[in-house]
Amino acid sequence: MVNFSCNADGYDSLDPNGNITIKWDIMQANGGTEDVRVSIINYQLFRHIQYPGWKLSWSWRGDEVIWSILGAEATEQGNCSAFRGGQLPHCCEKKPVIIDLLPGATYNKQVANCCKGGVLSSMIQDPGKYVSAFQVNVGSSDTKSSGPGIPVNFTLGLPGYTCGQPFEVPPTKFTEDQGRRRTQALATWNVTCSYSQFRASAAPTCCVSFSAFYNDTIIPCQECSCACQAGAKCVKPGDLPPVLQLQHNEPPKPVVQCSNHMCPIRVHWHVKQSYKEYWRVKITVTNLNHVKNYSQWNLVVLHPNLQSVTQVFSFNYKPLNQYGNTNDTGVFYGIQFYNEMLLQAGENGNVQTEMLLHKDPGIFSFREGWAFPKKIYFNGEHCVLPQPQDYPRLPNAAQFYGPAASCTILSLLLLLVTIMS
């Protein structure tokens with residue numbers, strides 16, 4: 001199996017400032033209880049949170065309870081036996097687990113930016129859907145308590161994410177009356193959560209294969225890119241997967257088609273054609289996982305010629321400029337209602353596009369593997385590329401340029417004979 005160490009410490013050079021921030025805004029203090037607005041903001045450019053979504057948890061410092069909640073709900077009420085003779089709190093757990101309400105929740109349970117089933121878009125793909133929010137009324141079972149405290153040990157319930165401890169920041173400001181009035185929270189704490197692919201998975205989940213019009217050899221994914229086929233459970237091409245019993249609200253374990261690389265996702269980059277001033281690339285993303293569709297998928301590509309993209313035919317495309325004038329990285333993603341869903345393995349389990357790029361004078365070349373990408377991510381996960389020595393090579397000079405050179409020599413000989421005669 002191929003080893004990888006990218007993003008092991010939560011830092012990603014293609015999204016250096018990316019994180020998920022949990023914002024704890026104290027909106028009102030009511031003598032022993034507080035109204036708190038909790039926001040989960042995905043500040044990542046291309047990583048999004050898919051279904052079943054986030055499961056926010058924390059630890060109370062004291063005897064705090066959640067009296068009521070809007071826009072979300074606790075998975076367990078817990079032991080509320082300390083409260084008698086009236087309405088019980090919504091949750092008495094020391095470590096509550098909060099989940100987002102599903103779309104279509106009743107209006108009396110909604111707040112702004114709630115009810116998306118825990119799904120968060122990335123900032124590039126859908127800037128209007130990268131925030132989730134809910135509101136809680138927090139109190140204490142201790143009647144002598146001066147008021148609730150700020151909880152600690154936040155987690156998102158998502159593989160690969162690690163959260164720090166809360167730190168106080170300037171109070172959040174809100175606008176009202178179409179921006180003519182501004183209000184602010186009484187106090188605000190932030191929690192920063194970072195992603196590490198190494199923590200999310202011990203092995204890669206994606207690989208890349210290459211081909212080119214000038215070479216008949218197709219360079220497949222590296223063997224054992226994600227796992228080795230020997231001894232692994234997989235579905236042979238043409239066979240149907242076994243009957244599966246999937247757990248409710250839990251992401252299913254991959255059931256992958258048998259291959260030399262055993263990756264759920266394969267990306268193929270084909271250098272298709274060369275024109276006088278342009279060249280054309282075909283990109284195909286194939287889902288080899290029989291139990292998962294990928295909604296709002298995206299592909300991040302690092303290639304020096306992306307600064308001169310002329311046209312992308314079947315995907316949306318946005319440049320990812322993180323370092324001044326350096327424009328060598330872009331995000332590809334599906335077109336709404338057309339190919340934004342990458343279906344599970346099978347006849348329709350792929351999406352593809354072609355891309356036209358201008359040949360930049362001074363840097364463009366088909367030699368030494370220059371026409372192939374330096375990095376590819378699928379849904380924020382680093383894909384394993386072939387080894388550089390395996391890239392499709394140009395034919396040797398005598399073979400590749402032989403006909404043209406022969407014609408030139410023949411023309412010169414004819415010209416020389418004409419002059420001498």
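Every residue number used here counts from 1 along the chain in the order it is shown.
Glycine too: its Cβ is placed from the backbone N, Cα and C atoms.
Curation does not apply to TrEMBL; its annotations are automatic.
What you see is a predicted model, and the numbers here were worked out from it, not measured in a lab.
Note on the domain 'COBRA C-terminal' (205-235): mean pLDDT across this stretch is 92. Taken from TrEMBL, the feature domain 'COBRA C-terminal' applies to 205-235 (among others).
TrEMBL lists 245-390 (among others) with the feature domain 'COBRA C-terminal'. Residue counts for the domain 'COBRA C-terminal' (245-390) under DSSP, split into helix (H, G, I), strand (E, B) and coil, are 11 helix, 63 strand, 72 coil.
Marked as transmembrane segment by TrEMBL: 400-420.
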Residue counts (helix, strand, coil, in that order) that DSSP gives for the domain 'COBRA C-terminal' (205-235): 0 helix, 13 strand, 18 coil
Long-range Cβ neighbours of the domain 'COBRA C-terminal' (205-235) (under 8 Å; 6 or more residues past either end): 1-2, 241, 254-274, 290, 345, 366, 371-373, 376-378, 381-387, 390-395, 400
